[in-house]
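Peer 1: According to TrEMBL, the compositional bias 'Low complexity' annotation covers 249-261. According to TrEMBL, the region 'Disordered' annotation covers 239-261. For 12-37, 49-69, 89-108, 129-149, 155-176, 188-207, 213-230, the entry in TrEMBL reads transmembrane segment.
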Amino acid sequence: MLDWVADPQIWIGFFTLVALEIVLGIDNIIFISILAGKLPPEQRDRARVLGLGVALITRLLLLLGLSWVVRLTDPLFSVFGHDISGRDLILLLGGLFLLAKSVTEIGHSMDAPHGKDGKKAAAASFTSVILQIMVLDIVFSLDSVITAVGMVDELGVMVAAVVVAVLVMLFASGPISRFVDRHPSIKMLALAFLVLIGVVLVAEGLDQHIPKGYIYFAMAFSVIVELLNIRMRGRHAGQQAMEEETEEATPATADPAPKMK
C-alpha cells in the first residue's frame, strides 16, 4: 500500500511539482502582498494568512474534484469557429479582472491617495481585499491544479505537493510584502508584471499559449536590475549623508582681518 514511498520517481515528481507550484504561486503572492499593503499594519498579516489559506483550500477542493476539472477543458460553445471551454471562460474573466485591478492600482500608486480613517472604513477595506484575493485565487488555483494533474498520477502526491508549496509561500509572503511596501519602485514593477500576467491569462483563454518561462525570466531579470538600482541609491544616499555630517561638524573658518599699517 505504501510502495510509493520507496519509489524514486514519485519523489522526483513530488519535488518537481513543489518547485513548479511555488513558481506558479509567485504572481499570487505578489497580488496578495500588494492588496494586503493597502490595509492597516495590524491587519496585513491576517489578510496574507487568510488569502493563502483560501488559496490552499481552493487548490485542495479542485484536486478532490479532478473529474470536474478535467471536464472544464470540454468545449461549451463556439464563437467564430473558436471553441470556448469552462477553463477558457475562467481564464478570460480572471485575466480581465487582474488587468483592471492592476491598472487601477497603478493609477492609485501614482496619485498616492491617503487611506480613510475609522474602523468602518478599515473593516470594509479588509472585506473587499479578501473578496478580491478569493476571486484571483480561483484563477491561479485552476492553473496550478491543471499543472499538477499533468505531472503526477497519485492524488496523495498532488495534495502533499500543493500543501508544501502553499506553506513555503506563506512563510515567504511576509518578507516579500514588507519589501514591496518599503520600495515603491518594486511595487510598481510588480503591478506591471501583474498586468502582463493578466494579458497572458486572457491570451490563454483565447487559446493563444504564451510560454510562462519567458515571463518569469523577464520578471527575475527586471527584479535583479531594480535591486541593483536600490542598492546604488542606498549607497549614494549614505555617502551624501556622511558628507553633510562632515560639513556640519567642520567649523567655518573666518577670513583673517587685514593687518593695520
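Glycine is no exception: its Cβ is also placed from the backbone N, Cα and C atoms.
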Peer 1: State, in range form, which of 12-37, 89-108, 155-176 has the highest count of Cβ pairs under 8 Å to the transmembrane segment (188-207).
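Peer 2: That would be 89-108.
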Peer 1: Who are the chain neighbours of the transmembrane segment (49-69) in space, where the CB to CB distance is under 8 Å and they lie at least 6 residues beyond its ends?
Peer 2: 25, 28, 32, 35-36, 130, 133-134, 137-138, 140-142, 144-146, 148-149, 155, 158-159, 162-163, 166, 169-170, 173
Peer 1: Quickly jot the same-chain residues contacting the transmembrane segment (155-176) by Cβ under 8 Å, restricted to those at least six beyond its ends, or write none.
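Peer 2: Contacts with the transmembrane segment (155-176): 4, 10, 13-14, 17-18, 21-22, 25, 28-30, 32-33, 45, 48-49, 52, 55-56, 59-60, 63, 66, 144-145, 148-149.
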Peer 1: Looking at 12-37, 89-108, 129-149, which one has the highest count of Cβ pairs under 8 angstroms to the transmembrane segment (213-230)?
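Peer 2: The stretch with the most contacts is 12-37.
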Peer 1: What residues in the same chain, six or more past the boundaries of the transmembrane segment (129-149), come closer than 8 Å to it by Cβ-Cβ distance?
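Peer 2: Residues 17, 20-21, 24-25, 27-28, 31-32, 35-36, 38-39, 47, 50-51, 54-55, 58-59, 62-63, 66, 69-70, 72, 87, 90-91, 93-95, 97-98, 101, 158, 161-162, 201.
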Peer 1: Near the transmembrane segment (89-108), which residues from the same chain, at least 6 beyond its ends, have a CB less than 8 A from one of its CBs?
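Peer 2: Answer is 31, 34, 72, 76, 132, 135-136, 138-139, 142-143, 188, 191-192, 194-195, 197-206.
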